[in-house]
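S.K.: Quick one: this structure, given as structure tokens, is what I'll be asking you about.
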Amino acid sequence: MLEKKLIGNILNEGDDSDEEMLTRYVKTKRCVLFNYDELNKLPGRPISAPVDFVPFSAGNTVKSPKESHEETKIPPPEIKVQGNFNTSAPEFVPSFKPPIFESKNSAVLSLRGRISELARDQSGSRFLQQQYEVATPDEKQMIFEEILTNCLPLIVDVFGNYVVQKLFDYGTKEHKRAVALQMLGKIVDLSLHTYGCRVLQKVLETVEFDQKRMICQEFYGNVEKAVEDQNGNHVVQKCLEILPYNCTSFIVDSVKYNTVYWAKHQYGCRVIQKIIEFCPRDQMNLVFDEIIQNSIEISKENYGNYVIQHILDKGHPQDRERIVNSYKGRLIELSRHKFASNVIEKCFVVGSPSQINDFSIEIFESPQVVDLMTDKFGNFVIQKALEKSTGKLQSFLINKVNEKAHIIRNYNFGKHVLNCLEKLRKYNPR
């Protein structure tokens, strides 16, 4: 069988003979131009190789690496190296990884003038990424020079962006600085791009402080545009993570007067969480006050409930206490809500013993407790209360559930509560 189909990005490899592999080479015509003499020096390919190599010679014959005495006649291929020259082929062909050469005739240096085209190809991009990690200074310099002249198109390319990211992982300080300079003035546009935002995050992690600050400053006047974008918000988050507050205060100022809106926003909620986690608490009074005063409204939102949970997880004790206390008197209503019930569960996890006691009494003494036990969201709150209570309080709650067992066992969600009770008895026998 000469053909094997690609599943995902993994090559299906069998025990085909070299003649069969060679026939597939010719059939697919997916080529990187390597002289046959150079190719003949390379070792056998590994199980998963980064790029496809097809031997060629000046004549019309190609010798099999295993049986050099046999010759196979093939027509000279018409090769045009431009754009994504591998993307139209129906399948991947078997390939192998060239070794690292110390001489100037290495596999990487022989690709001079074709780095940009290779970076835009899936297999070529993978090959360059792997080679760059172990490249010699001369090889890195050659790759850098060709990337520099085409860095902006590569940054926004589906495969090329990974090669640029690899440069920022393993390149020299000078190379990183030079490529980052090419990006200045276009930071906002790049941050809104699917692939450009990934490169920018890598740049912010690896360049020196002065360039990080320059990149961040380009968002001045464009914060809201970036925050509400599915790609740009990740770059703003990265700025908040790695830069001190004196460099990112303008980001906070752009959102803090409309905190409730951004806390409920699909992407803005992520930025608010980063502000809560990384910015100085004494500079965030307005942000916290707005959230806590509107905690019930925000808790009921699809994305807002994550902001409340983030404060409960990472906020200061006084902020956590204020939020937990803001729910007292409305626990039944919130526990039956699709999103707010998650917040009430979190309150049982992070609350103080006295708060857990107050919450438990309010819920289990309510005449609506059976409705909550059989509710598709409320039953999880009941379970969390049973799990997080201790001592006499837990015994009290267990008795309350037992009193209603004959009712709730007839409901699917009520059965979940009874199963939780059985687990508690199993692991905490009296």
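Cβ atoms here come from the backbone N, Cα and C positions, even for glycine.
Automated prediction, rather than curation, is the source of TrEMBL annotations.
Straight from TrEMBL, here's the annotation block:
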DOMAIN    88-425  domain 'PUM-HD'
REPEAT    110-145  repeat 'Pumilio'
REPEAT    146-181  repeat 'Pumilio'
REPEAT    182-217  repeat 'Pumilio'
REPEAT    218-253  repeat 'Pumilio'
REPEAT    254-289  repeat 'Pumilio'
REPEAT    290-325  repeat 'Pumilio'
REPEAT    362-399  repeat 'Pumilio'
S.K.: Count up the helix, strand and coil residues in the repeat 'Pumilio' (362-399) according to DSSP, in that order.
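M.R.: Helix/strand/coil tally for the repeat 'Pumilio' (362-399): 28 helix, 0 strand, 10 coil.
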S.K.: Mind checking which residues reach the repeat 'Pumilio' (146-181)? Cβ under 8 Å, same chain, six or more beyond either end.
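M.R.: For the repeat 'Pumilio' (146-181), the sequence-distant neighbours (Cβ-Cβ under 8 Å, at least 6 residues beyond its ends) are 84, 112-113, 115-116, 119-122, 124-125, 128-129, 132-133, 135, 140, 190, 193, 195-196, 198-199, 202-203, 205-208, 211, 215.
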S.K.: Which whole number is the mean pLDDT over the repeat 'Pumilio' (182-217)?
M.R.: 97
S.K.: With DSSP as the yardstick, break the repeat 'Pumilio' (290-325) down into helix, strand and coil residue counts.
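M.R.: Looking at the repeat 'Pumilio' (290-325) with DSSP, the answer is 29 helix, 0 strand, 7 coil.
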